[in-house]
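Comments concern the structure below.
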Amino acid sequence: MERMGLNEIREEYLKFFESKAHLRLPSFSLVPKNDKSLLLINAGMAPLKPYFTGLQVPPNKRVTTCQKCVRTGDIENVGKTSRHGTFFEMMGNFSFGDYFKEEVIPWAWEFTTEVLKLPKNKLYVTIYEDDDEALDIWVNKTDVDPKRIFRLGKEDNFWEHGLGPCGPCSEIHFNRGAGEVKTSEEFVKASDEDKIVEFWNLVFTQFDKDEEGNYNKLANPNIDTGMGLERMATIMQNVDTIFEVDTIKAVLDKVCKLSGANYKEDRVKDISIRIITDHIRSITFMISDGILPSNEGRGYVLRRLLRRAARHGKTLGINNTFLHNLTDIVIENCYKNYPELEEKREYIKKIIKLEEERFDETIDAGMQILNDYIKEVKNNNYKVLSGDKAFKLYDTYGFPVELTEEILEEEGISIDKEGFNKEMKEQRERARSAREETNYMGAEDTILNKIDLNINTDFEGYDKLEVKSKVAVIIKDEEFKNEIEKGNEGVIVTYNTPFYAEMGGQIGDTGIIYNDNFKAEVIDCKKNISGKILHFVKILDGKVALEDQVILKVNEGRRNNIRKNHTATHILHAALIKVVGDHVQQSGSYVDDERLRFDFSHFEAVSEDELKEVEKIVNKEIMKANAVNTKVMNIEEAKQQGAIALFDNKYKDDVRVVSVGDFSKELCGGTHVSNSGQIGMFKVVSEAGVAAGIRRIEAVTAFKAMEYVDHKNNILKEAAQILKCNEKELLNKLNHQVLEMKEKEKEIEALKLKLASGAEDEILNNIKEIKGVKVASAAVKDIDGNALRDLGDKIRDNMQSGVVVLGSNYKGKVLFVAMATKDTVAKGVHCGKIIKEVASIAGGGGGGRPDMAQAGGKDPNKLEDAIKTVETVVESLVK
């Protein structure tokens, strides 16, 4: 057995299966496509589900991949053990109804013993206990020692996930120090102790489990195998953990260099070193696939990983931002197999650094909150911090509960761990229930996805708006039909069509389908999971049957408007890169016949000056009337020419490149104008943030842009008429009016204060005494919170001893304030409790200290009733 580097193992594996007529596919994105069952790709076969289910035709019946994966289910163990990690690569070879056990078992043995040259006396094989077929192949088609084959039960060697495709599996294991193992019991014990490790799982998907629990044989069984690259590397490099594998150790060494810590000298520091080493790999790959830090979904996973790693950097004494610098080491060791990392290097580093800087701000804010909690606990003579507060620090400020515990321990305070765990459990349940229910294989179980894969629709809509074709499929009421008639709605699929199906942010076409005997309105056009073009129709007249000849005609005016908006989106993208910066990446778009919407990565609002410049550049390119050209070329050639590709798109070898003069060049399958002049005009309507690090621009073109400008002009004219001036004088007139209003408001506030002062005497004249405590309470109209507090201060100071509770109805809201002198607090008065009871009458709430509290209410009509309860509440508190 010769030592092999991780990258070398990957290449040898893929080359081996290419030699067995497999198509090598690049790794799919970590962002699942058309699979709502997953947040992130977490297994080698996950992106291939549509091929296994028959929903899509695979590019080849034999495929091999090395798939990047992220799993965070056991993130708490990462770092604490030397084998857990969030990022890993899974190598696999797959058969979609082609070869089966008789081929894959000998191939697996050949690669293991002849390519990797693992010693046969250190290898073991396990099979499902009832799989005699697999046993026979292992014994007769390989030279494995039969004594080294063990039959295990369903728990170990049968792959199933609920209902649907499933089957037995066979695994290959390596002995890492268990001595000679002779029985299955000894084997299981050694495996549990990690002395024998499984490194390759061959799944024989040959059954379909139904709701009755029956295992029905599949007509075309599949092969799905998985070999963890990092685990294989530990064997080939004779190291104990994934953190000692060559490419990963390079990252670990850099962490040690930055922190000044030595690995394997301090158990606590080792945990932090491993966490940072693992997490930066996941972080780098996730951002390269277009995921950005946020508070939900995939973005939340990324933020959690990034902040956890950053916090452990502080634990190691790294006080500056540092994670972005580790990215270079990850990329250097991976870019040959993942070229997108090199292409997006600077972008990845910028995202990481910005999030690190945000966390620095957050952790400081979190410390302030924690210090406030500590004071509150001590003031109330408690010894425990409530679980919900500890969870708030964890969830909102990124404070690991261990860090909170450590700080509290120094203050002699503990955490309500049960309450914290309850909050954590509820959050996980919320996250789990929020995920859309779907079958395991990831595709919605709808008739639209069950259309025969052999039926294909040729799209001819780039240069035609009307074509003749035949009806291939009719769907009505979730059933395949032979015909559909007037008054019904359904779906029609034809063999060719000019209708563009919604894709890439561009809305689907509308129009009509007709012949001499029928007419249907096409109200939408979409694709199913296998790419079939679906015309959603309403039958207006007559009826149509399968194989009928029809004419399909797109609504030309609507299509033209969509074209204008789509081409304008491309020009906008290029203009944003030019003005805002080359970190701008498209993260989403929407194009219809009314407007366009463009989402892009940027970390602050686009300034007014920048927006004006972007708008100016777009209109300048429109006025140039640049030719818009489309060309199909190889993906690599397109990238070399500078064509912009989107993060989450998986492109074929040949791609369609859309160029607008020399200004814009993008990979795109949508419809466009033939020259930019046809767009006419471009106008930005709005710019706003839609998520952390994501901005959105909405805009209109052509006549819609003119309508927008006309609307704005009309508003200006109406405003000028109201202010009785011309449009040139409008700004000066408005400024004058605003200043005048502010002066009037000051006068009004001064009058209110005078009224409040007058109310002071009346309130002091109506003081009540309850159990020896003076109580002043009243409802005062139309004064704000500051004035209400000032009035309360004056009354309390005049009373010298007593309680003051005031309420006010101000601008439709209810305000309350309560104040008490120290001697009344000693008698049991607590303003926080008083204000809570009183405000609840007016539909509000609040609280505060024993000597001062304030609150709000929602129902002004209940103000008087609320104030009437003051005396009763005070009476209940006074000792």
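The backbone N, Cα and C atoms fix where each Cβ goes, glycine too.
Going by Swiss-Prot, these are the annotated features:
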type    : residues                       : note
BINDING : His566, His570, Cys668, His672 : Zn(2+) binding site
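Positions of the features from Swiss-Prot, shown on the structure.
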{"residue": "His566", "record": "Zn(2+) binding site", "CB count, 10 Å": "26"}
{"residue": "His570", "record": "Zn(2+) binding site", "CB count, 10 Å": "27"}
{"residue": "Cys668", "record": "Zn(2+) binding site", "CB count, 10 Å": "26"}
{"residue": "His672", "record": "Zn(2+) binding site", "CB count, 10 Å": "26"}
Remaining residues near the recorded Zn(2+) site, that is with C-beta within 8 Å of the centroid of the site residues His566, His570, Cys668, His672:
Arg563, Thr567, Thr569, Val628, Val658, Val660, Glu666, Gly670, Thr671
Local backbone state of Cys668 (Zn(2+) binding site), from DSSP in three classes:
coil
